[in-house]
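K.L.:
The structure that follows is given in the form of structure tokens.
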Amino acid sequence: MLVSYEWLSQYVDLEGITPEDIAEELNRTGIEVEVIYTRDPGVSGVAVGEVLFVEPHPKADRLKVCSVNVGKGQLLQIVCGAKNVAKGQRVPVALVGAKLPGGVHIKKAKLRDVYSHGMICSAKELGFPDKVLMKEQTEGILVLEPDAPIGMDIKEYLGMNDQVIELQLTPNRSDCLGMWGVAHEVAAIFDRELRLPVIHDQVPMDGGLSEEVRIVVESDEDCPFYTAQVVKNLKVGASPQWMQNRLISAGIRPINNIVDITNYVMLETGQPLHAFDYSKIKGGQIVVRRATENEKVVTLDNVERVCDPDMLLITDRENPLGVAGVMGGASSEVTPETTEILLESAFFDPMVVRQTSRKLGLRSEANIRFEKGVDPEQIIPALYRAVQLLCQLCGGIVASNAEVEKVGDVEDVIIDLRHERLVNLLGIQISQEEVMDIFRRLGFPATLEDDIYEVRVPSRRPDIMLEVDLIEEVARLYGYDRIPATLLWGQQTPGGLTKSQKMRRTVRHLLRELGLNEVFTYSLTSEQAEQEIASLHEGIRPIRLAMPMSNEHAVLRTTLLTQLIKAAAYNVNHGNGHVKIFEVGKVYLSDEELLTCLPEERFELAALITGKKTPTIWKSTWSDGHDFFVMKGILDSVFERFGLRDVEYQAAQLEGFHPGRTAVCIMNGEVIGVLGQLHPKLAKRYDLDEPVVFQLDLESLLDRDIDIMYHPIPRYPAVTRDLAMTVDINMPAGLLEAGIREVAGELLESVDLFDVFTGAQIGEGKKSVAYSLVYRAPDRTLTDEEVQEAHHKIVKHLAEFYGAELRQ
Amino acid sequence: MRERLEALKGEAVLVIGRAQSLDELRETKIKYLGKKGELTRVLRGMGSLPPEERPVIGSLANDIRGCLDQMIAEKEKQLEEASLLEQLHKEVIDVTLPGIKPESGTLHPLQLIIEQVEDIFVGMGFEIAEGPEVETDQYNFEALNLPKGHPARDMQDSFYINPEILLRTHTSSVQIRTLIEKEGSVPVRIICPGKVYRRDDDDATHSHQFTQIEGLVVDRGVSMSELNGVLLTLIEKMFGEGTEMRLRPSYFPFTEPSLEVDIFHPEQGWVEILGAGMVHPRVLENTGYNPERYTGFAFGIGVERIAMLKYGIDDIRHFYNNDLRFLRQFKTV
């Protein structure tokens with residue numbers, strides 16, 4: 001809502017109150033002020049002038065030489081290039097020394113040997129935006145009304161000294177969609193007198209009531225209140241400048257006096273009005289009904305709208321005259337030839353209006369107001385007010401009664417407010433006198449008895465329905481800044497994080513310490529990306545949005561990897577070559593084609609590394625595939641942190657992964673994670689260099705309790721023996737290690753792989769692996785014989801079952 | 001014999017004094033004081049002395065031995081010191097060369113804010129609640145006093161999956177879930193961080209996905225002054241003691257009275273950072289709490305907003321682009 005300071009000052013005594021004061025106090029009491037701006041874009045030295053003569057320019061066909069009277073006996077010769085300049089016009093004249101928006105300074109000039117002492121201005125040159133101009137004003141010079149006072153400063157004449165306060169209204173404050181409502185609010189805040197215009201109960205009737213309007217409302221629910229009145233003898237023309245100025249301040253384009261009056265009264269009262277050309281209404285009757293399927297209406301903007309039975313139409317039974325509360329029809333539009341109109345003022349169901357405007361993609365000043373529910377008490381006054389203006393300004397004569405079709409009467413809302421409740425809920429000390437004074441300022445009649453206020457809420461404030469709503473009214477005028485800050489009172493609570501929350505924190509901090517950067521990515525991804533890579537979960541379908549904004553964000557992810565890959569690609573594209581990132585987030589799982597219940601949401605952890613290699617950790621000719629083992633080390637650190645010693649890795653083949661460099665992590669027979677290099681085809685698509693990833697289901701780690709039991713520190717020395725052997729090149733090291741552990745017995749304390757290599761000296765199809773084995777007994781120093789026996793058993797077992805040959 | 005001993009001492013003193021290295025000193029010690037050393041050799045002639053002289057000479061020899069031992073020990077100490085000094089001198093390094101750091105990563109700035117806020121509220125006895133991001137219309141809107149067709153639904157354009165299920169538009173849905181779960185018991189003190197989704201085109205100030213932290217307190221006699229106190233604690237801990245805060249009346253369908261909180265930013269002036277209010281009686285009724293007996297307050301913090309203000313970030317998209325040059329700036333926190 002755009003509020004003109006000049007306009008507002010007509011209704012509230014603003015003596016000593018600046019627009020900035022208003023903005024600050026509105027903000028403080030609950031109406032957000034977006035911005036205050038002046039209508040003046042930087043114009044000075046421009047006055048109203050009268051074109052006395054127009055002569056052709058002697059040397060230029062397109063230019064004209066005008067004599068312009070700018071008052072005080074000053075007659076100026078001005079060269080003008082506009083086609084529309086004509087003798088007798090009143091026009092804005094930028095005098096020598098004038099300033100115009102965009103840094104234009106007017107100087108005495110010579111145009112093709114003819115002196116020009118100023119410039120006749122267009123609306124654009126005065127800084128008017130196109131959206132508030134009539135079409136004919138967007139080209140050529142701006143032609144003013146014939147009664148524009150010669151010599152008057154143009155800013156005064158065009159209302160450009162006005163300041164506009166832009167309100168950002170919350171949906172509950174529909175009362176401030178009208179100037180009178182804003183006036184009520186401002187008067188209450190500053191405790192100033194309100195001076196609203198007097199509306200005559202019924203307008204005087206000069207020409208007798210020649211017309212009778214019949215109103216038929218087919219559904220009371222759609223339209224519980226409809227009034228209309230016919231006005232004749234109208235003369236369509238421009239509305240007076242003061243009205244145009246106010247409309248422009250409110251951001252509305254002046255059109256003609258009739259339409260302008262309906263808009264003006266809407267801006268005053270908040271009640272949208274519509275004027276139909278009465279001669280286009282057949283049979284003098286208005287039928288408010290639902291549209292039939294595919295019924296077509298051409299609206300005022302000359303677009304054919306296809307309607308359905310959810311939409312409400314204003315018709316003359318056969319032909320639609322407009323879409324109720326949204327936009328009038330072209331067929332009954334007020335034109336320059338119109339002499340008689342039917343003026344409508346009504347209440348349309350907010351839901352119906354809202355749905356209709358959405359379906360048609362039409363937003364208008366009217367439907368913004370109808371959607372919030374207009375004030376029923378304002379429907380008839382608004383009609384009268386507009387008729388009054390039509391008679392005053394357009395020569396109108398009332399030609400019918402104001403016909404009213406209405407269901408029931410609006411009952412006054414009376415709410416009891418307990419003083420104790422008010423004080424307790426706000427935590428303030430406020431006197432009953434102060435509360436009563438706040439209601440007086442708000443214009444809410446109130447009485448006080450037994451510490452209970454009985455408050456009558458005016459119909460302009462439909463947002464106030466409950467005791468608590470009144471408490472808010474009192475609080476905001478009392479001042480939120482006067483509410484004290486106190487500590488939480490009552491029973492103490494321990495507070496804290498749950499096990500799952502702690503675990504997610506731990507895992508994040510661990511990965512940070514391990515050198516990875518945490519990312520936050522979008523949960524919505526593309527269907528195509530979802531298909532590129534395997535999720536940890538089988539038999540699920542990605543959940544699709546009903547109306548995605550783009551294909552890129554159309555389905556909910558079932559794996560974190562799609563977005564990690566995108567984040568990595570973004571970084572590589574931006575020159576960040578070495579990427580090590582992770583995310584802790586949810587995946588959304590459902591096996592339903594169409595959701596009937598909420599999906600399962602599970603927390604997962606995923607990580608990705610790609611780019612420049614870090615230095616190798618163990619010496620090896622096998623440096624290829626190095627990042628896989630870096631990642632595996634990171635994953636093992638996670639398992640170690642959560643006390644999981646029984647996770648097994650098994651080679652696996654999965655969508656999107658390198659078939660020879662991928663493993664699933666298995667715990668208790670369940671797959672809880674995947675570790676692997678991305679398939680080269682997928683990596684290439686995102687321009688990533690051998691990216692290695694893992695994804696891990698965090699929830700399955702949660703079942704474990706991390707109990708630490710102390711083991712005594714060994715008192716007896718350990719014996720270390722190395723074991724180097726050649727095995728088949730495809731023999732998994734994991735199997736060998738399992739084999740060692742299988743037969744080693746209790747004396748074996750640890751097994752560590754320290755070398756793997758292939759080469760000519762080992763022989764074709766073979767590799768060398770070397771382990772360091774540590775033996776120890778808890779209760780004695782081991783003898784050479786004991787160690788030898790255990791070690792020999794291992795060597796024998798490996799030779800027998802794994803084809804291992806001892807290397808010397 | 002006495003003369004010989006004195007001469008030997010004189011010689012030894014000179015040799016000890018001239019020793020340049022520990023090795024030289026050790027040789028000197030063996031030469032004069034060793035089992036086959038000079039002193040022993042001289043003493044071997046003791047037998048030829050008259051018996052009354054023997055103790056005198058013996059005592060003299062012992063004195064000499066003791067004196068030389070001490071000299072050698074002192075010289076040894078000197079030489080060790082010198083050798084250490086030399087070593088230290090050789091081992092001088094340029095301590096201003098850069099350190100060798102283990103690679104360290106970062107937490108996401110939004111996560112940093114979440115953890116700070118969690119810690120502040122846990123300190124005040126709050127629990128951390130969580131709820132689904134895919135939510136029912138019932139919990140996301142209806143139970144929060146936002147029936148279908150309510151104009152305030154326009155404030156939050158939503159991603160629907162079907163007419164009854166959507167991506168939650170705010171963490172306020174967790175208020176409902178928590179209250180239903182608590183089955184009318186008090187006190188309720190929770191915060192809930194989480195992702196929320198709205199149909200906005202992504203630009204410098206909008207993101208179709210963003211992060212909120214919801215707060216809820218329900219108990220007997222909870223008042224707006226306590227809400228004020230809790231918010232002030234939060235603001236001071238997040239932005240520093242003495243940060244100016246103001247409450248402005250506002251509107252949310254699920255709180256009444258409602259308010260917005262601004263803080264004073266040295267460059268940007270008053271900046272809105274969160275919405276709050278007293279829990280609407282209908283929300284309490286909808287979740288089985290009698291609004292006559294219980295009252296409460298709720299608030300919703302925009303995590304991106306806080307992070308942007310706190311760290312001076314100018315574009316919300318930075319949080320979701322995850323550019324490492326952005327992320328690595330959050331190492332120190």
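The count begins at 1 with the first shown residue.
In case you wondered, yes, glycine gets a Cβ from its N, Cα and C as well.
Here's the feature list from TrEMBL:
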- A:ASP463, A:ASP469, A:GLU472, A:GLU473: Mg(2+) binding site (BINDING)
- A:40-155: domain 'TRNA-binding' (DOMAIN)
- A:410-485: domain 'B5' (DOMAIN)
- A:714-807: domain 'FDX-ACB' (DOMAIN)
K.L.:
For a three-state summary based on DSSP, what are the helix, strand and coil counts in the domain 'TRNA-binding' (A:40-155)?
P.N.:
8 helix, 48 strand, 60 coil
K.L.:
Could you list the residues of the same chain, at least six apart in sequence, whose Cβ is under 8 A from the Cβ of A:GLU472 (Mg(2+) binding site)?
P.N.:
none
K.L.:
Whose Cβ, among the binding-site residues A:ASP463, A:ASP469, A:GLU473, has more other Cβ atoms within 10 Å than any of the rest?
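P.N.:
The largest 10 Å Cβ neighbour count belongs to A:GLU473.
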K.L.:
Through the lens of DSSP with three states only, how would you label A:ASP463 (Mg(2+) binding site)?
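P.N.:
A:ASP463 (Mg(2+) binding site) sits in coil per DSSP, no helix or strand.
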K.L.:
Tally the residues of the domain 'B5' (A:410-485) by DSSP class, grouping H, G and I as helix, E and B as strand, and everything else as coil.
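P.N.:
With helix first, then strand, then coil, the domain 'B5' (A:410-485) has 34 helix, 16 strand, 26 coil.
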K.L.:
Taking every residue in the domain 'FDX-ACB' (A:714-807), what is their average pLDDT?
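P.N.:
Mean pLDDT across the domain 'FDX-ACB' (A:714-807) comes out at 90.
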